[in-house]
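Enquirer: The structure under discussion is supplied below as structure tokens; questions concerning it will follow.
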Amino acid sequence: MARPRIALIGAGQIGGTLAHLAALKELGDVVLFDIAEGTPEGKALDIASSGPSGKFDATMSGTQDYADIAGADVCIVTAGVARKPGMSRDDLLGINLKVMKSVGEGIAKHAPDAFVICITNPLDAMVWALREFSGLPHNKVCGMAGVLDSARFRHFLATEFNVSMKDVTAFVLGGHGDTMVPLVRYSTVAGIPLPDLVKMGWTTQDKLDAIVQRTRDGGAEIVGLLKTGSAFYAPATSAIEMAESYLKDQKRVLPCAAYVDGAYGLNGFYVGVPTVIGAGGIERVVEISMNKDEQTMFDNSVNAVKGLVEACKGIDESLA
Ligand code: A3D
């Protein structure tokens, strides 16, 4: 059977890392697309040359021509610009919306059967716009944010408790922005919910609150340290986890920006929710029950995303 084809639209920091991880995991043959001439070709050659030592079989190519992504099984989109210190994700909206238009049209024409994972920020609005521009089925277009935000939360919790990250599960819902909702009640160490761990004296409520806030600010903390761009190792690893679940029909339960129509009281809207990802794309949206405070935070986050979607419609009238 032929190897799957993975198209990476955007060959910058995340795109290059995605290509390397896809190769190391032998997920398939990779084509890197970027408008910056030489960048995708150079990264493809560099990563391909690591094959003998990295011990993987995968072809790598770079291109400026959408025709070369033909037949891709998965497209991961990072094209656009990233944050610099002092910028919010929302500051990227105008520039990245135009990029989503060309990317959406390119995918629609050359890889209409692909499972598409958007990473470009502001994530929830960009994945919505990308779906609109591409016209692909809603279950085949999603956004990566929840896996990353949950991974940050899990990392901070595992460090606080001095336990393996593998035994910490965590949920982060809502939009990928300052209003994201880390759900403490649904986060556990080996099945023990965080509120119980506070009662057991493993941590204090104040420390837990600080971890929740650090999770919300996790992206900005890294932007502040790097100064020239934003996080890329963890975002790439998170998107690869989603792509692998699709390609291998793993049916992982992963939080991601998915099209929600009916659940959570939403009618046709992209926002971060738990999903099941398998060969059918987003096969299921998992609706969890929230208490009053969680619901208020979630509503707040949804409203922030709605504002961004309205802003997109104001910029590009074909979206209105
Ligand atoms: P960067 O290293 O700048 O790479 C972006 C690439 O996109 C560059 O190589 C550009 O040449 C290319 N590009 C620009 N316009 C186009 C176009 N029209 N067509 C094709 N390629 C184009 O950024 P990065 O890889 O660090 O980040 C990429 C995006 O991911 C940014 O929007 C970030 O804000 C976003 N991001 C999202 C998360 C989430 O958790 C959702 C996390 C980190 C970064």
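Using the three backbone atoms N, Cα and C, a Cβ is placed for every residue, glycine included.
Checked TrEMBL, it gives:
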- His176: active site, proton acceptor (ACT_SITE)
- Gly10, Ala11, Gly12, Gln13, Ile14, Gly15, Asp34, Asn96, Ile119, Thr120, Asn121: NAD(+) binding site (BINDING)
- Arg83, Arg89, Asn121, Arg152: substrate binding site (BINDING)
- 5-143: domain 'Lactate/malate dehydrogenase N-terminal' (DOMAIN)
- 148-306: domain 'Lactate/malate dehydrogenase C-terminal' (DOMAIN)
Enquirer: Near ligand 1, which of the binding-site residues Gly10, Ile14, Ile119, Asn121, Arg152 are found, taking a Cβ distance under 6 A to any of its atoms?
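Expert: Cβ < 6 Å from ligand 1, in sequence order: Gly10, Ile14, Ile119, Asn121.
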Enquirer: Return the average pLDDT for the domain 'Lactate/malate dehydrogenase N-terminal' (5-143) as a whole number.
Expert: 96
Enquirer: Cβ within 8 Å of the substrate site centroid (Arg83, Arg89, Asn121, Arg152 excluded): which residues?
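Expert: Neighbours found: Ala82, Pro122, Leu123, His176, Gly177, Gly219, Ala220, Val223, Ser230, Ala231.
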Enquirer: Reported as an integer number of Å, what is the Cα distance between Gly10 (NAD(+) binding site) and Arg83 (substrate binding site)?
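Expert: Cα of Gly10 (NAD(+) binding site) to Cα of Arg83 (substrate binding site) measures 15 Å after rounding.
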Enquirer: Sort out for me which one of Gly10, Gly12 has the most neighbouring CB atoms within 10 A, since those are the binding-site residues we care about.
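Expert: Neighbour-count leader: Gly10.
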Enquirer: What residue among the recorded positions Arg83, Arg89, Arg152, His176 has the most other CB atoms lying within 10 A of its CB?
Expert: His176
Enquirer: Sorted by position, what residues of the same chain at least six away from Asp34 (NAD(+) binding site) have a C-beta under 8 A from it?
Expert: Ile9, Gly10, Ala11, Gly12, Gly15, Pro40, Gly62, Gln64, Ala79
Enquirer: Going by DSSP, give the three-state secondary structure for Arg89 (substrate binding site).
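Expert: The residue in question, Arg89 (substrate binding site), is helix (DSSP, three-state).
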Enquirer: If one looks at the chain holding Ile119 (NAD(+) binding site), which residues at least 6 apart in sequence have a CB under 8 angstroms from its CB?
Expert: Ile14, Ile76, Val77, Thr78, Gly143, Met144, Pro235, Ala239
Enquirer: For a three-state summary based on DSSP, what are the helix, strand and coil counts in the domain 'Lactate/malate dehydrogenase N-terminal' (5-143)?
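Expert: Per-class counts: 68 helix, 25 strand, 46 coil.
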Enquirer: What number of additional C-beta atoms lies within 10 angstroms of the C-beta atom of Ile14 (NAD(+) binding site)?
Expert: 27
Enquirer: Under 8 Å Cβ-Cβ from Asn121 (NAD(+) binding site), six or more apart in the same chain: what's there?
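Expert: Within the chain, Asn121 (NAD(+) binding site) has Cβ neighbours under 8 Å at Gly80, Ala82, Arg83, Arg89, Leu92, Asn96, His176.
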Enquirer: Specify the secondary structure state of Arg152 (substrate binding site) as given by DSSP, simplified to three classes.
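Expert: DSSP assigns Arg152 (substrate binding site) to helix.
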